[in-house]
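Lifted from Swiss-Prot, the feature list:
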type	residues	note
DOMAIN	43-346	domain 'AB hydrolase-1'
ACT_SITE	145	active site, nucleophile
BINDING	212, 341	substrate binding site
ACT_SITE	307	active site
ACT_SITE	340	active site
């Protein structure tokens, strides 16, 4: 079954963390496997910043998903055993209500009139969807990068129906370097003349492509770039090369930027990167205790030692904090020349798959 959509918050509006409301909210999602009679065999999979709900193929000729190697009969997320749900995040642009959606009050796209939102708001929408789908318990919430932030929020806000968390390459709070990169990317978009205060007709392609290029430099490593590109040049030149020498790394980054603008919305990029910046579960909650101290369910944290976006020292610090507060946390580190995006790379599956499979297989037995 491919992308489905469900309209939520029709009678009672979605109340966001900042006090604003929104109604209705359309959610795009895909499911794999079958919900059990006891409705407690669900795994919720969270995508990263620019991901979609299409996590895996549904049939042989289907478009590849972003986690095909982990999903299917007999695989890590065994669809003969689990009912997997993957949503497009609230505020995104691939099936779920976001800045490019039509504002029912005006008949025009929300654009920058869309309300600000947090990671907590994203999972609130997911919780409503799962309730509508009849899910009563979640075996595990799994996510990498921004998806790991969502998974962590689930452990805090909805531990009553969640049995475990798997967080890959995501800290307990966005660090200053990640926030800085996000600022640079947003400024590239905001300073594009075609952005027009968010009221663009076509994409502000130059700014959005530049933002993507900056992002790609943080998702990979200098080791990988050196091995793949060295100082090699390509035959064709480009105005951006500013000379007849056009380096392969330049061509690669331009390709990444050019293809990205065809599938992603600039306003969504602004909102989602800001939601990442604001994520901080180390901050005191209403009871003056750090929000993460409420986590009482098994929590797998996987850090990537070569990560250029969410640095390994932040993951290690997160692990120490979780231990200090008696969170039942398991921590592993993976080394990879692919850096932050290693968990999305087919070649690196043998490094991650055993950790995830072992964690899931050692959870307390439930009626699944």
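The chain as shown is numbered from 1 upward.
Including glycine, each Cβ sits where the backbone N, Cα and C put it.
This view paints the features noted in Swiss-Prot onto the structure.
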residue	record	Cβ neighbours (10 Å)
145	active site, nucleophile	26
212	substrate binding site	23
307	active site	28
340	active site	26
341	substrate binding site	24
Which recorded positions sit within 10 Å of residue 340 (active site) - Cα, from 145, 212, 307: 145, 307
In this predicted model, what is the average pLDDT of the domain 'AB hydrolase-1' (43-346)? 96
Local backbone state of residue 307 (active site), from DSSP in three classes: coil
Fill in the CA-CA distance, residue 341 (substrate binding site) to residue 145 (active site, nucleophile), as an integer in Å. 8
Taking DSSP as the reference, which of helix, strand or coil describes residue 145 (active site, nucleophile)? coil
Return only the integer: C-alpha distance in Å from the residue listed as 'active site, nucleophile' to residue 212 (substrate binding site). 16
Can you give me the Cα-Cα distance between residue 307 (active site) and residue 212 (substrate binding site) in Å, rounded to a whole number? 17
